[in-house]
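A short write-up of the structure that comes next.
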Amino acid sequence: ARRCLRCCQRVFSWIPVLIITSVALWSYYAYVFELCLFTLTNTFEKVAYLLVFHVCFVMFSWTYWRSIFTPAASPCKKFQLSYSDKQRYEMEERPDAQKQILVEIAKKLPIFTRAQSGAIRFCDRCQVLKPDRCHHCSVCETCVLKMDHHCPWVNNCVGFSNYKFFLLFLSYSMLYCVFIAATVFQYFLKFWVGDLPNGPAKFHVLFLMFVALMFFVSLMFLFGYHCWLVAKNRSTLEAFSAPVFVSGPDRNGFNVGIRRNLQQVFGENRRLWFIPVFTSQGNGHYFPLKNRSSESHNPLLANEDMWEESDDGSEEGSLGESF
């Protein structure tokens, strides 16, 4: 019964994606056929509209595809308990002693955040020590690196591996809506006042205008909120609950300046910022802190590049290729 219920949940989880896909396909038909091919009479205007529209539609579709089908990145094996540590942890019945075991293991890893109680963050389901900014997603049933939120509209967790794609999806969705609204507006007015004859095109053009404006308004607020999060270097989860460090909670603990904050998400090569290819910095397991002095106690991070190089051949390399 539980397996059947889980299967049904997976099927129903695709309904929001199918809704967005259906609206996008209908908008393509309404704009290309009903407006451009059947309503427009000026050839130059028709060609110009079709060229720009297809560029917007391709970028919208590409970023949406990457947001949906880019797997959520999970912690690497270095954060999993070894067999001996796992046995020692499970055999120990005293909570304080269990916490101490996790503290000893965490000394070998670049972990600086803590649970609200001050203990090392540990996922009992995944049996891993959580890297900074990593959270367990109950929908995906896995720990997700730099988890932002689980988005039903992409049926995926938005996190380290696809946060750039999600932001680009929002921006290209807005551009798509703005272009449609701007070019449809004059024909919307002509159909509305009766300057153009009634027919199938009238319904599509009128409805296209309303849908484009409705989606634009909703996307504008969501995109603006995420722009603010990127500028502050916070995830949605961190905006609601500040990350806790050894020194206590700090909402700006990962804020290293707007330029470096942007580079963490989009990379250093600005020519690739607006293309949905993976360019985010690092491997999702470690993020520079605002107060670098708090890192000095950990010899593994005396040189930040040492951690990056140690994972280069396995984790970071695979991330760059997989996404």
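Placement of Cβ uses the backbone N, Cα and C atoms for every residue, glycine included.
Copied from TrEMBL, the annotated features are:
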COMPBIAS  305-315  compositional bias 'Acidic residues'
DOMAIN    120-240  domain 'Palmitoyltransferase DHHC'
REGION    304-323  region 'Disordered'
TRANSMEM  12-31  transmembrane segment
TRANSMEM  47-65  transmembrane segment
TRANSMEM  165-189  transmembrane segment
TRANSMEM  201-225  transmembrane segment
The transmembrane segment (201-225): which same-chain residues, six or more beyond its ends, come within Cβ distance under 8 Å?
23, 27, 29-31, 34-35, 38-39, 167, 170-171, 173-174, 177-178, 180-181, 184-185, 187-188, 191-192
Residues from the same chain, set at least six apart from the ends of the transmembrane segment (47-65), whose C-beta lies under 8 A from its own:
20, 24, 28, 31-32, 35-36, 40, 154, 165, 168-169, 172-173, 175-176, 179-180, 183, 276
Over the span of the domain 'Palmitoyltransferase DHHC' (120-240), count residues by DSSP class, listing helix, strand and coil in order.
69 helix, 16 strand, 36 coil
In the same chain, who gets a Cβ under 8 Å from the transmembrane segment (165-189) while lying at least 6 residues past its ends?
27, 31, 35, 39-40, 49, 52-53, 56-57, 59-60, 63-64, 66-67, 70, 148, 151, 154, 158, 195-196, 205-206, 208-209, 212-213, 215-216, 219-220, 222-223, 226, 230, 265, 274, 276
